[in-house]
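Features reported for this protein in TrEMBL:
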SIGNAL    1-25  signal peptide
REPEAT    27-60  repeat 'TPR'
REPEAT    61-94  repeat 'TPR'
Amino acid sequence: MKKLLLPFLLIIAIGLGACSQNQEAQWQEQYDLGIRYLSEGNYEEAIIAFTTAIEIDPKMSETYLALGNLYIELGDYEAAAKILEQGVSNTNDTSLQELLDDVKKLVSIDFDNLVSDAFSYTDAGESSSFEYHIPKINIDDAAIAQLNQEIYAGLEYDHIASDIAAYGFADHSASYQWSVNGSILSLVTKTDDTMAAWTEYSVYNISILDGTEITDEELVSSVGLSMDDYYIKVEQALGSKYWEGWDRANEQFQNNSFCEMFNAQLENTISQENLRKALPYLNSEGQLCIIAPIYSMAGADYYYHELNLSDLTLIPDYKYGVEIQAHAINISQEEAYQIACDYWDFTPGDVADETGFELFVSYDTTITSQNSGKTYYCYLLRWMVDAGSDTAHLSTCDWVYIDAESGECSFEAPK
């Protein structure tokens with residue numbers, strides 16, 4: 001009987017091993033499928049795959065972590081809590097318990113009223129009315145309370161109090177927008193100074209779990225970008241926005257002075273220094289956005305703009321400024337002299353009718369137009385007044401300017 005039992009037990013052991021290997025392979029297949037769907041943004045299919053993986057092997061804590069975090073990102077905190085509780089029960093994994101504790105805090109938050117007015121002010125200015133709203137974050141946390149004080153003090157003192165003292169009313173409008181993605185709260189405040197046509201922004205990215213500030217690196221990483229990729233996108237957004245409304249055939253680009261300024265402001269806009277001034281945040285759709293300065297051709301040196309890095313119209317050649325026009329010199333100095341003489345109908349030896357003194361045409365210099373970049377020869381017609389006396393002097397200059405490219409003659413100085 002013992003001889004028969006041993007082979008039978010071996011068969012059972014081999015069968016159980018094969019089943020275990022098959023179960024592990026099935027779990028791995030579903031787990032990998034869930035990760036792939038997750039990376040593709042196909043969240044519904046990812047949930048199905050992770051749920052199937054849990055059914056295949058309920059002891060694998062990785063699946064609960066993946067599914068729990070997915071529910072958190074989707075804002076379904078109750079579903080996250082339920083799956084994590086199941087995971088803690090089946091695996092006793094401490095990391096699952098830590099995440100569950102965080103989710104329970106999220107479940108307790110009133111997200112409909114997470115941010116509300118701490119102060120509201122409405123007044124009529126000289127030409128329009130003004131609304132002023134200072135936000136507060138409604139989370140019972142010491143760090144959040146400190147942040148609320150900083151926001152309130154800065155907005156109330158810097159704008160309302162100073163305006164009322166100066167004008168008798170607050171000549172500013174203030175508003176805010178906020179969104180929650182996972183455990184990240186993004187709060188953007190905006191103040192408009194209508195008298196100076198200027199808008200200021202402040203951006204706060206906060207963990208609603210512990211009230212700490214989310215760094216730019218952490219925020220960018222939450223949407224799957226490296227900082228290098230982020231700055232590439234920021235440059236593309238700023239450069240493309242700068243070019244918005246312009247095309248290279250614009251007639252103003254015939255003016256070299258304008259071109260030089262345009263190119264300088266483009267360079268300022270996409271400089272590394274300026275890229276690092278961008279303030280990132282997440283909008284209500286979880287898209288990465290920025291507030292950043294874009295340099296201007298009119299008004300202030302630059303203005304702040306709100307830009308969505310996930311939804312921008314890319315101008316492929318945004319990096320390249322406009323071409324400075326190069327103008328040929330087709331007219332020699334001698335040829336220009338003759339043009340000037342012809343302009344005045346002058347022949348060497350002529351005398352001024354009024355004085356009887358001999359006239360002469362002299363070459364002064366060349367000048368370059370700041371607007372067009374063209375070169376001009378400068379000639380002047382003069383004569384001696386009171387020759388031989390103590391009061392002898394030259395007459396007032398009569399100038400002409402000869403276009404070195406076309407030979408066109410003008411008495412008006414080029415600009």
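Positions of Cβ are set from backbone N, Cα and C atoms, glycine also.
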Mind checking how the repeat 'TPR' (27-60) divides into helix, strand and coil residues in DSSP?
28 helix, 0 strand, 6 coil
Across the repeat 'TPR' (61-94), what are the DSSP residue counts per state (helix, strand, coil)?
29 helix, 0 strand, 5 coil
I need to check the long-range neighbours of the repeat 'TPR' (61-94): which residues 6 or more away from its ends have a CB within less than 8 Å of a CB in the stretch?
27, 31, 34-35, 38, 43, 46-47, 50-51, 53-54, 100, 103-104, 106-107, 111, 180-183, 286
